[in-house]
Each structure stands twice: as structure tokens, then as C-alpha cells.
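All remarks here apply to the structure that follows.
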Amino acid sequence: MRQIQTTLNTITPQSTRSPSYSHNFCGGLPVTRQNRLQPPRLLLTCAMSLDNVGSIILVLSGKGGVGKSSITTQLALSLSLRGHSVGVLDVDLTGPSIPRFFGIENAKVRQAPGGWVPVPVHEAHALQHSATDSADGTSKDHHHMGALHCMSLGFLLGNRGDAVVWRGPKKTAMVRQFLSDVHWGQLDYLLIDTPPGTSDEHISLVETLLKNARPGQVAGAVVVTTPQAISISDVKKELNFCKKTGVEVLGVVENMAGFVCPNCAECTNVFSKGGGEIMARDFGVPFLGSLPIDPMFVSLIEEGKRPVYPKGTTVAGNPVEATSNGTPAQHREVQNGSLADKYTSCSLYPIFDGIVTELVAKISKT
Amino acid sequence: MAPFMDPPPLTSVDTALTAHTTATPALVAPEPEHCPGPESNLAGKDDACAGCPNQAICASAPKGPDPDIPIITQRLAGIKHKILVLSGKGGVGKSTFSTLLAHAFASNSANTVGIMDTDICGPSIPKMMGVEAETIHVTSTGWEPVWVSDNLGVMSVQFMLPNRDDAVIWRGAKKNGLIKRFLMDVEWGSMDYLVVDTPPGTSDEHLSVNSYLKESGVDGAVLVTTPQEVALLDVRKEIDFCKKAGIRILGLVENMSGFVCPKCTHTSEIFRATTGGGRRLAQDMKIPFLGAVPLDSRIGMACDFGESFFDNFPDSPTCKALKEVVKNVGKEMGVKEEDVLGEDMFPHVKTLTASSVSSAKEESPVATPLAQARKVLGNDTLEAQRAVIEVRNDAVKYVDTATTYANYSKDQAVEALTENERLKMKVAKLEREGILEQREFMHTT
């Protein structure tokens, strides 16, 4: 089991003089150009760690393998690109994927007096280049990025191949610990990625949140599905779970709706089509959007390569910015840049931007 | 209070693995956080037990072996081969692979095959087999599995749900109880193969299935994965679990490896294998690699309709790859090659049994909806996907639609599906009133 290092021996003199500064961001983090731009964040040592979290969003799906972790990652990146501070909690104890998605598999969790400190993906900073330039030359307001932190059991495992063979009560205890003993600090949004099913983790998650969160703090759940009828029948159970436990469903996202052949740009519906929208309509919940399978996103996560598309690619009817021949994006190198920066070149980013706009509007309305 | 994460000692894993083999006392309160398990040797004596209302019960409960295990062993004595289908990751195709494996074994009419669906929260097997609307028949000797065909039976929690879309919100202990009942109360009889489909992860269901079946013996586990590293990460954990639990690994199957575009037939990697895929993992972990199965969108369609993919699309490259995988599974189990698959794996026309209620029922065999669509619109499978299938019945006209509407506009597609839903409800109402026999629509719902 990996040792959780306390930060007592990494406190710099500056931080001991001003006890209100957090210990954690001075020690252990590589001091990059981005870090130096901003002063260390204030971490209030609060009794209940969820007190300073703005809204909590659960990402649920009854079915496995529909893309919950991918969508949580993309939601987190999109929210962060809009300037919000985001935390991601990975409650999938037997299969924690979030560290790999953010590319921080080898990071360690730090322990401060009173709790664990979530691992930072990036701090609040300004992006060097603005994101997509629209046709009329005005650049969108995406140059200030919020901080992004995450917490997962994956960081606490000694060996990445070790199985987590736990019975229900221990999983319940771990989920409660994640919610109460982690220093989330000041966050606008906390996204919680869940395992498939409706079992111990989900029950304890909802129970603990209903007990500890402020009324209205749990904004709701985003339910993910694929269009196939098999997935729909499992996800319907999840929607019934939300209804039973009183969790509001913010919307349904349909993932893997179509695969664009990289050779001929023909979109094939590998897992059928349309099921998610019908289900959302049947249950009276909003339908947030339909996402195709984008192999470039996979290569971004797996290899860290900035997405590059052949000319003429369209996603959901909109042309993707052609990055292969002498366009404004030419000066951007393929490998350089943070994950969030590279994500802005992904074809799924505009779709997620739309989804996030809708979600933020909905949450701020309630 | 500073939280800490002490490394789970090896003993706790062993305790978890053997917990289900001892008798469970009846508890009066939920188990506390670090409960060693009411069945373990430390029950009632561990540090975590102090203050638990169950402490006295656990400490005084008899610690002998579970008396139900011999009953289970006896029930399963007639089953020659038991196969577990595992994968740490969700959505890689465990249930799909289980149904295909079962169909493949059942194609040899001399084999009797059963599938047990231990995925309590997301039971997909009944839908994939086309028997979602069935219920379990209880006899004096036990529960009767639902028979899809003469030699293929299914057991799943889906049959027990009052409403198809009801969520099963159970904690681990209750799920274990149900799995025990599946093993104890279901009359499997004498079977050649029992395929056990599991949910993703390494949790209660896997632990309980492993412990209950330990005495009766499992031939081994087939692990399913997709090529990308995110999936392999979880499968590594599953392999670790199998090693710790002493389950023999028959091999690793790589699903969804490669996609052939139906338009330009260019093969592309839909889920890229950045670290060598399943093949490399099998090599590293020294387990047999059973084969790589390409992604075919028609598998998803066949599962949604509850049809057998082998029967409907025998000329697909996926079909050939799957046959190879099944042959390799048989080889690993030590079964003779000619006994595994049927002599001809080609489509046979399924006959719907005549309904005594509807007097004008056609006597001639009726082909399955997918086969009908292909016949009507030619063999171009892309066209078949876009077909609207009509199954005539004197009582009601049932319009079932294929799930892709590439030629329709969005409004037309939504309209067609709404009409479909409305007619389905009408059919369900007629079934409830006894006017239509449910079995007729086994292949169309």
C-alpha cells in the first residue's frame, strides 16, 4: 500500500508564518510556470469538508462501459475551461479509472492535518492560447481556467494491478470517508463518478449526501447511456433508482452514438441510434446531447496526443476545425500543452461546451 | 481525526474469500464499518466489533461450515462443465459473449446448456435471449429455469421483477443471498455446460459465486476485455483476483478489436490498443489468448431483438472469429472439438408454436423478424437495418422497427418509434387480458 506522505516536513517557512495558507501546495508540487502565476489557494480547515462546495453532480449509469468516466472527465475539463473550480471524486472502488483519464496515475495523495488533500490536475491559471476562434474572428472567453482536483482509490493502491476485493460494508465505509475526510476546499462543482449498478456504493453515496449536504447542494445526476436497447433497459433501472431516492435527474447523455470511419467519414451506428432520446422523453427528463465515438479523444487520453482531424470531418453536422494544413492552429505543437488545452482541439469539446452551458444554467436557476 | 488507510492485510482478503463457506448468523443490525464478516473466525472478537449490536450474536454463533454448500454441490452434480465469464471492466461484452457462447454450445443438439445471470443490478441476459417477459415456474422440486429452446435454459433476477424497469437497490449481503438461491433452488438437472455471467468488478457477487462453487468445481474463467488500456487496467485486477481466489483462467478474449466500415470496408481501430491490447496482456500474465473478435454493429442489433447472432449473420467475419474462440475455450476445457459446436452453424428457421387462442394462426413456420426483413429487402444487411418489419397477426398488427433510421429524418424516426411504443403497449394489454399468448411474441419484443 502506498504510503500517504504527510506534508509536515514539506512546509516552507512562508506557510508556517501565515497559518491560513495551505501547506499542501508548497510542498511536493513541481513549481511550473503556471503555478507561479497564482498565489497558493486558501484552504479553509472546515469541520465538514463539503461546506465550501457549490454544487454536487453525480454521474450515474446502470450499465457498465457506457462512458461514465470519459464523460465525467470531459465535463470536468469543460467546466474548468469556463473558469469554474472543479473537483472530481471517483467512487468506483473496484475499477478506478479517473487517475488514468487525467494522466496522473502515479500521483500520490497528500495528508494534511484533518484530512486528505485531493490530487491536483491543474491549478487555476490562464491559458496561453484562446480556444476555438469562431468564424468572425472574435475569440471566446476561455482564457481563464479554474482549478481541477481529483480523488480516487486508484492513488491509494500499491500496485496498479492489485485487485480490490472488498465486501459491501467496507466499500460503504470508504465512500463515507471520501466524502467526509477529504479536504475539498472551495469548489464550484464537485463531480462524482460512480461504478455501474445500483449497489452499496450508490446507496451509501446517496445516504451520506442526504445527511451531510446542504439542502439543494446536490444539484442532481447526469445519467449516461448508449443508444442500444440493452443499455437502455439497465439505465431505466437507474432512473427509477433516482426517482426512489429523490435525486433529481439533470439530464441524459447518449454516448457512443455513431462512429465516423476515419477513411470515408461515413457515420455508422455501431450501437444503434436514438434510444437515449426516446428514454429521456418517456421518463420526462431532459436530453442533454448525443456524442459519437471519437478515436482522437481516446488517443488524447491514452497517449497525450492533441487531436488532429482530416479535412472535411463533421461531427453532429458541424465542421471540425481543420488542423492538418496551415490553419491558425498550426503553431500549436501536437504534444505540448496541458490536457485541458489539448482537449479544446477535440471534436467533442463544442458539444460538451453546449451541455455544460445547459447544466450550469439549470443549476443556477434552482 | 486524521483518516488513514492501512494496507489491507493479506488475511482480510482470505477472510473475504472464505467468508461465504461458513454459516451466517442472523443479524439484528447493519454491519459496522470494518466488520470482519459475521461468518469469519474473528466475528464478535475483532476490534471493530466493540459496540456493535450484533456482537453477542456473532460471538456465540456456531462457526461450522455452511450447511447449504453440500446442497449446492448436490444440485450442481449433474453439470459437467461450469464456466465463469468475468471482466473487471463494464461494457466489454461479458453478457453478449455469454449468450454467444451458450448459443454456440447449444447449436450442438446433443448438448444441454444453461446460463446463470448473477448480475443483480443490471440483468441483461433475458433480453439478449429474447425471454424478457417470462416468469420462473416453481415446482415441488425447485425452480425451473426458463427454456429459450429445447436445450438452452436461463436463470436471472429479471424474471422475478414485478415491473421490467424496477431498480434492484440491494446491498451486497442480500445479493449474495439471491445468488445462493439460484444455486440451491434452481433445478438445473443434468447439463453439459453452465455459463455463469457476472457483473463488472471484484465484489460480493464474485466472491460468493467463487465460494459456493468451490466445492463443486469450476472448469475455469473466461476473461473478456476490449483493446484499450482503460479496460486492461481493470482486467489486470480481475486476473489478480482470480489468482488470489484460485480460479483457473481458461483464457482472455479481446472483444471489439477492430471495426470494419460497412461502406468502404476499411478496418479501423475503434478502441485503440496503445499498450498491445489483450494479446500483450495475455502474454505478460501468461494466460492463453483465446482470440480477437471484431466489432460488428449487427451483434448489438441481434442482442436487442433477442436473436442469435450466429443464426442470423453466419457470414460475418465476427462470426468466424467467435467460432474460433469457442473452439479454443473447448480445447482449454479438455472437450473434444467435435462435441463443442453443432455440425452446421447455419440459420434454421425458428418455428413459433401454434397458439390455441388465435384461431386463424398460420401453420407454416414463421421466420424471425430480422430474417424476414432480409428476405423482403434483399441480402444487403445495411438495408435490413433500415427496414420496417411487419409481423401480422389476426388479433393485432404489430409493427416492430429496426433500431437505426439512417434514411428517416429525425421527426419521422421519433414518430415511428412513438407509434411502435403505442402498439407495444396495445400488445401488452392484449396479453394481459389473455387474448394473445405471450410466447408468440418471444422473438419480437
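Using the three backbone atoms N, Cα and C, a Cβ is placed for every residue, glycine included.
Annotations in TrEMBL come from automatic prediction, not curation.
Residues annotated as [4Fe-4S] cluster 1 binding site in TrEMBL: B:Cys35, B:Cys49, B:Cys52, B:Cys58. TrEMBL lists B:Gly88, B:Lys89, B:Gly90, B:Gly91, B:Val92, B:Gly93, B:Lys94, B:Ser95 with the feature ATP binding site. Annotated [4Fe-4S] cluster 2 binding site per TrEMBL: B:Cys261, B:Cys264, in sequence order. The coiled coil annotation in TrEMBL covers B:413-440.
Mapped onto this structure are the features recorded in TrEMBL.
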residue  : record                          : Cβ neighbours (10 Å)
B:Cys49  : [4Fe-4S] cluster 1 binding site : 21
B:Cys52  : [4Fe-4S] cluster 1 binding site : 20
B:Cys58  : [4Fe-4S] cluster 1 binding site : 25
B:Gly88  : ATP binding site                : 27
B:Gly90  : ATP binding site                : 24
B:Gly91  : ATP binding site                : 24
B:Val92  : ATP binding site                : 28
B:Gly93  : ATP binding site                : 25
B:Lys94  : ATP binding site                : 29
B:Cys264 : [4Fe-4S] cluster 2 binding site : 13
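Within 8 A of the CB centroid of the [4Fe-4S] cluster 1 site residues B:Cys35, B:Cys49, B:Cys52, B:Cys58, the other residues of that chain are B:Glu31, B:Pro32, B:Pro36, B:Pro38, B:Ala43, B:Gly44, B:Asp46, B:Ala48, B:Asn54, B:Gln55.
In this structure the alpha carbons, written CA, of B:Lys89 (ATP binding site) and B:Cys35 ([4Fe-4S] cluster 1 binding site) are 27 Å apart.
For B:Ser95 (ATP binding site), other Cβ atoms within 10 Å of its Cβ number 28. Contact with chain A, taken as any Cβ pair under 8 Å, is found for none of the binding-site residues B:Cys49, B:Cys52, B:Cys58.
DSSP gives B:Gly90 (ATP binding site) a coil state; it is part of no helix or strand. Among the binding-site residues listed here, namely B:Cys35, B:Cys49, B:Cys58, B:Cys35 has its C-alpha nearest to that of B:Val92 (ATP binding site). Taking the Cα of B:Gly91 (ATP binding site) as the reference point, the closest of the binding-site residues B:Cys35, B:Cys52, B:Cys58 is B:Cys35. Mean per-residue pLDDT, taken over the coiled coil (B:413-440), amounts to 59. Of B:Cys49, B:Cys52, B:Cys58, B:Cys261, B:Cys264, all annotated as binding-site residues, the residue with the shortest Cα distance to B:Gly93 (ATP binding site) is B:Cys261. Take the CB of B:Lys89 (ATP binding site) and look out to 10 A: across all protein chains shown you find 28 other CB atoms. In this structure, the C-alpha atom of B:Cys35 ([4Fe-4S] cluster 1 binding site) lies 25 angstrom from that of B:Gly88 (ATP binding site). For the binding-site residues B:Cys35, B:Cys261, the ranking by surrounding Cβ atoms (within 10 Å, all protein chains) places B:Cys35 first. In the three-state DSSP classification, B:Cys35 ([4Fe-4S] cluster 1 binding site) falls within coil. Across the structure, B:Cys49 ([4Fe-4S] cluster 1 binding site) and B:Ser95 (ATP binding site) are spaced 39 Å apart at their Cα atoms. On a Cα basis, B:Ser95 (ATP binding site) lies 24 Å away from B:Cys261 ([4Fe-4S] cluster 2 binding site). Geometry remark: B:Gly88 (ATP binding site) versus B:Cys58 ([4Fe-4S] cluster 1 binding site), CA distance 32 Å.
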